[in-house]
Amino acid sequence: MKSIILGILSSLFFASTFVLNRQMDLFGGDWVFSASLRYIFTLPILLILLYGRNNIKKVISEIKSNFKEWFIWSNVGFVLFYAPLTFAGDYGPSWLIAGTWQITIIAGILVTPLFYSMVENNGNLEKVRNKIPKKSLFISAIILFGIILMQYSRITSVSTNDLIFGFLPVIVAAFSYPLGNRKTMEISGGKLTTFQRIFGMTLCSMPAWILLLIYGLLRSGIPNNNQIMQSFIVALFSGIIATWLFFKATDIVRKDMKKLAAVESTQSGEIVFSVLGEIILLGGALPDIFAIFGLLVVIFGMIIHSIHSARTNG
């Protein structure tokens, strides 16, 4: 249950990403800056948090021991996650992006067979490919159905162009995030703390963010003060607090695919918090009857996931 609570809290802070990115776009900010500045601001914050006690040295040592894997999966988990997500923000409101992003709940389950577990057989440890947890997939499908209901009436009012460019990049992000997260968990093997793993992934993806920032400067010039400040807030809320909460939750249950699926399903809370954030901060419209019913279905699915996770624990 602790992992579920951490997951829900992380979805609250992650929701700030969708709302603030949309606000920056409405004020004329370039998505390239929204993406790159978040991680560039995140790095010094992590350096401060990890200063001393050989924390940074330990991370560097782990990266050196398996540089290729760290570099590939850090860029998958962070760059192929956040760059497409911010790009999509130019083509749709925060509720649409956050709603589409919830496909990551299903994506996290579908990538399960790409990973292995060590199972004891006749006194020997064997590497066995993980199977898709069918009950977890079914429960996640219920949550996804609720999200579709929430988006139904609004999707019909969005142009085809905005729907495509606000949808396809988010699909890439939805698969990249759980894949990168799980792969770096596998590579580190529990030897790093949650903050250390986030720092390692941020460090390995930094060349891509710097190149993206340079591209943005050449294309749009220096970002305005409003975008710089809001990017810093996103870095703090989403890059540090939300990422730590979510990675900590997944670290707790990393050896149990059913519980891991339950934790990943808590990210559906983002759509709830994004809708509220858009109404309060951006003056968005109140949810209609479809959205309210869909919201109830999402909450129901999250409760069922929590109960299922608790039963497998007990």
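Quick reminder: no glycine exception, Cβ is built from N, Cα and C everywhere.
The feature transmembrane segment is assigned by TrEMBL to 31-50, 70-89, 95-116, 137-157, 163-180, 201-222, 228-247, 268-286, 292-310.
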Proximity verdict for the transmembrane segment (228-247) and the transmembrane segment (31-50), three or more C-beta pairs under 8 Å: yes
The transmembrane segment (70-89) versus listed stretches 31-50, 95-116, 201-222: most Cβ pairs under 8 Å: 201-222
Contact between the transmembrane segment (137-157) and the transmembrane segment (31-50) (at least 3 Cβ pairs under 8 Å, separation 6+): no
Considering the transmembrane segment (201-222), which listed stretch of 31-50, 95-116, 163-180 counts the most C-beta pairs under 8 Å: 31-50
Contact check, the transmembrane segment (163-180) vs the transmembrane segment (95-116), 3+ Cβ pairs under 8 Å, seq sep 6+: yes
